[in-house]
Structures are given as structure tokens and as C-alpha cells.
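Just below is one structure, and these are the notes that go with it.
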Ligand SMILES: Nc1ncnc2c1ncn2[C@@H]1O[C@H](COP(=O)(O)OP(=O)(O)OP(=O)(O)O)[C@@H](O)[C@H]1O
Ligand SMILES: [Mg+2]
């Protein structure tokens, strides 16, 4: 059996506990194993972003624990947590993923630089990552000169750069047309298959959901269903 | 990399950054101008006092300073004068016989200080020849000629050739009265002194006072280079061992105070300007931080720790300040250098200023020490105004920042 990479245990998030409490996520148990390709779906406001943020250590659960690759996130100090994210988790957001003043190459190289990778090695890796997402011809373009789909692919390349265990993506295709969305999903699926990287992404898009091998549905902050499927 | 990102970040909004940089330039330039202009005014005042009234160094009999009695003299003035005159560090030397007494005209009487002067050497020092508005500078050739100030002339309704009587005590404590004829009316830069200072020929006053030849009450020295003030003062002390030798700073401590207080003034003016600039810079940087909340959230999410975020925002502010400061300093320095040479004519306003001892040409000047103060204050501003926006950026919570997407 593959090893557990994400273990969300009894995770609860309550906003405004004193005034008008919002139970964004309630008592969620999720186990995800290495190499899974999981879609997180549910109506708007069901808690998808909240759950993803807690799994990525961007937000602290009100109750429960999140264990990533054996590390309990709530026990890490703020700076340790940032360092943990740098080395173990890749993020792709809906928009504003890239540093606007840096070129594609520099954006992808940035995390590697934060990890103090030597220049030669870094440049080689950046180039191969941009090849993986089919953007080797855009290495010197700034985000503003790229389409939304191209920006998201660079974001995926950047998320991959530090060789993370998991990539968390919150509605990565929400701003893309269906062709770009399909293209992005194909790249993610390829990386998942070839490099055994675990993907967990939230989405509203039916066509994107079909590409997942496992679909977790949230309703009102609770897991409503959790099913395996054959991607089409 | 952070240096590069910070540098590029400030050029994302070029016009905004340029506004900040130019406001720093203008602020510092204006500050330097105000300070150098004020210093020019002060310097004017000081020079007026030093060159026209005090001279750089004065020598007296120690008791003369106390009692103000002409019987306390410097003996052998002539040989002392000769020695000082032959010194090429010295621009001019004059001796004076000084008595206090009373001037009586047909209308009224008032107290005066009577200076017995040497008309030739005093053209370089008291310079009455340049200040005469009526008459000729000791032109009558007669012993009983007197020069009086315009203010005194008005008070006594005196004209050229009017007769006045001076009354004073001689060295034998006898009361002496002597008649004089007004040979000239002067108007100096210090109108209040014009009412009390009258000038007569030294030989004549000496005789009236019954002083011995070569006895004087005051020797005033004008030097060529202010840097040599201390060494010439010490030299004079050895030359006239029993006398009291004072430089202008000791003679007029209030002038020294002006110089001291100007340092404080520099701190206050540059402090105020930089404080105003700080608000502008902080405001702009806060705006730029708020605009980038999502981006900063993303940076924290992908692994940029708070120390680095803080550093990056600090750098952006410091870049802006450090671009403006040197340019402002350079422009200020150039302005001071050029105007310090050409001078600024303020004769439009000098009517009033003249009565306070100011001349109408102002030569702005600022010494190195003041520039150093301004540079230091600039650096403090750069750092202080950088801290707050960077601190604000730290308070962002990544998940909330990202949610703004
Ligand atoms: N900072 C907050 N303060 C208070 N309530 C919040 C906050 N953030 C989220 N919520 C609430 O928590 C609930 C879950 O929000 P969340 O953003 O996780 O939903 P979502 O499933 O991602 O929705 P969407 O599909 O629209 O992105 C919502 O009811 C939302 O209003
Ligand atoms: Mg969401």
C-alpha cells in the first residue's frame, strides 16, 4: 500500500466564533495517499478553499489536525511552516500566482533560489520545468505578456520546482477557457502519472472533475461523498 | 533576487515613484537653500559687526574694560602698532583713544562715546569715509572737526559746520570742555550706535585728555584669514603681555551664540522637512503594499518568510529615498556654490534690514558639518519611513490575503 501523504483529522474551521459563527469546515476526515489525483468539489461556500488552505498550512484549523507526510502542521512555528511549505507543498491559485515583475524563467527559479540551489543547476531545472508545461519559448516573458492559461501553466511549473510531495490547486482553471483548462489538466495528469506527484485541486468544472481519479464532495463544510472513478 | 524584485517593484508605478523621488529632491533642495540663505544672513550680520565695529582682535588695558576710564591705557602703542602693521597676516591695525562724556548743542545735551581715531587706518576698519552722507571725511584739516551720526544730528538739529561742545573728565579727573565743529554726518549699518558714537582726531582728544603721546585705550586688529585668528591672538598676547587681548567671539558672545544656535536651527529645519517627506513616503508605500496584498499573500504561500517580505518592502522604500537624497543634496550644493559666488541682492527689502546691521547682498553658504547633519537625517528618514510599511506588510495573514483573489 502507498503511504499516506495528507492526513486531515477531525478538521474544523469556525470563523467569528464569538459573534456570528460561520462553520466553514466541520469535522472533516480525509486521507490522501501518495500519487493520488483528487478533485475537491462542492457548491460555492461549501468550504473547499478553507480546507485547502488548512491542508497547505496557510490557515490554522480551529480544531483537529493536518499531518503532511508525517509532520503535524499545527505544531510548527510560523517561520518553520513557511519553510515547510517551501520544500513540501506547491500551490496553484486561481489567479495572481506569479510575481509580475519577474519573467517566466525568474518566477520558476525564484523558489529554487529561496532553496539556495546553485545557479547552473537551477537554470537547467527551470528550463526542463518550462518544457514540461510546453512554455520553453516564453522563458523571458513577464506574466503580463502571457495568456491566463500560459500563466497557470507557469504557476504549475513553479509549484513543481521545489519537488514538493503535493500540489494544492484552488480552482486553477476558473479563469480559463475550456481548451486551456483541458490543456492544464492534461499537463497535471501527466505529471501525476510520470512523476508520481500528488494533486489535490478544487473545481466547479464538470469536465475537470471527469479527469480526476477520486472526487471528494463537500457540502456545508462536511464531506458529502468520497468516490473513486476512472478518468475520462 | 530580493534586491532585483524590490528595484523592479518601484518601477511598476513609475509616475508615483517619480513623484516621491522628486518631492524628496525638492524638499532637500529647499531645506539646503533655506539653511544656506539664513546662514548667509547671519554671516552678513557677523561680518558687519566684526569688520565695521569689533575687528577680529581688540587689545585693552585690563582696567579700561572695567572702569571705562581713559586713564587706563596701553603705553607704547606706537611701537606695538608698527610691529603689528609689519606682520603680513594682518590686514589692518588701528589705535583708538576713547572717552565717555556729554555732547551739548544749542538745543539739548546727550551722552556720547568719543572715539579719537586715526583717519587713515580707520578707512579699513570703522570705514566712516564710506558711510558719510554729508560733508568730507576729516576734510577741514582742522583739529576740532567731529563726525556725528545722522540720528544724533537729528536729535540735536545739527547741520554741517554746526558747533557742539564735548564735556568729559581727563586723566587727572578734571572736567574738560572743548568746542567742535561738525565736519561730517554718517549713517552706519547699526543705527542705534549712530546716536552715541562720535569721532574726532586722535591727537586732539589725547591732548584734551592729557594722555602721554603713544598712549591709547584700544588697539583693533583686522586679520586676513579667519583660520589664523587663534595664532594671531596668542601672538598679540606675547606682544603686549600685560594687556587684555580678546577675539571677536569673546568681545561679542552673542555672535557666538548665533553660530551655536544655528546648529539647532539646522536640525529643526531639516527635521521638519524630512518629517513631512516621511509622511509622504509612508503614505505612498502603504498604498503600494495594500495594492499588492494578494501578491504578498502568494509570496508567503510559496515560501517567502516574513523576514524576507519585511526586507523587500524596506528595500523598496530605501531605494526611493536614496535616489532622492543624493540628487537633492547635489542640487542644493550646486545652488549654494553658485549663489554663494554671485550673491542674492535683497535691496528690495534691505530698507528695514539695514537698521539691524544687515547689508543688502546675501551670500548663501553652508559648511560641511551642516551637510553632514542633513545626510544623517536623510538616512534616518530612509530607515524610519521604510519600517512602518514593511511592518504593515508583515501583519498580513496569507490565507486572508489570498482569499482576496
Ligand atoms: N475570513 C472569513 N471570515 C468569515 N467567514 C469566512 C471567511 N472566509 C470564508 N468564510 C466563509 O466560510 C465559508 C466557506 O468559504 P470557502 O471560501 O471555503 O468556500 P468555497 O467552497 O471555496 O467557495 P467558492 O467555491 O465560492 O470558492 C463561506 O460561507 C464563507 O462565507
Ligand atoms: Mg473557494
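Every residue gets a Cβ built from N, Cα and C, even glycine.
A TrEMBL annotation is a machine prediction, not a hand-curated record.
Per TrEMBL, the feature domain 'MacB-like periplasmic core' maps to B:17-232. Taken from TrEMBL, the feature domain 'ABC3 transporter permease C-terminal' applies to B:268-398. Residues or ranges marked as transmembrane segment in TrEMBL: B:18-42, B:264-289, B:309-334, B:373-391.
Of the recorded ranges B:264-289, B:309-334, B:373-391, the transmembrane segment (B:18-42) has the largest number of C-beta contacts under 8 angstroms with B:309-334. Distant neighbours of the transmembrane segment (B:309-334): 2-3, 5-7, 9-10, 17, 20-29, 31-33, 36, 281, 284-285, 288-289, 296, 299-300, 371, 374-375, 378-379, 381-383, 385-387, 389-391, 393-394; these residues of the same chain sit at least 6 beyond its ends, with a Cβ under 8 Å from one of its Cβ atoms. If you look at the transmembrane segment (B:373-391), the same-chain residues 6 or more away from its ends with a CB under 8 A from one of its CBs are 28, 31-32, 35, 263, 266-267, 270-271, 274, 277-278, 281-282, 285-286, 288-289, 309-318, 321-322, 325, 329.
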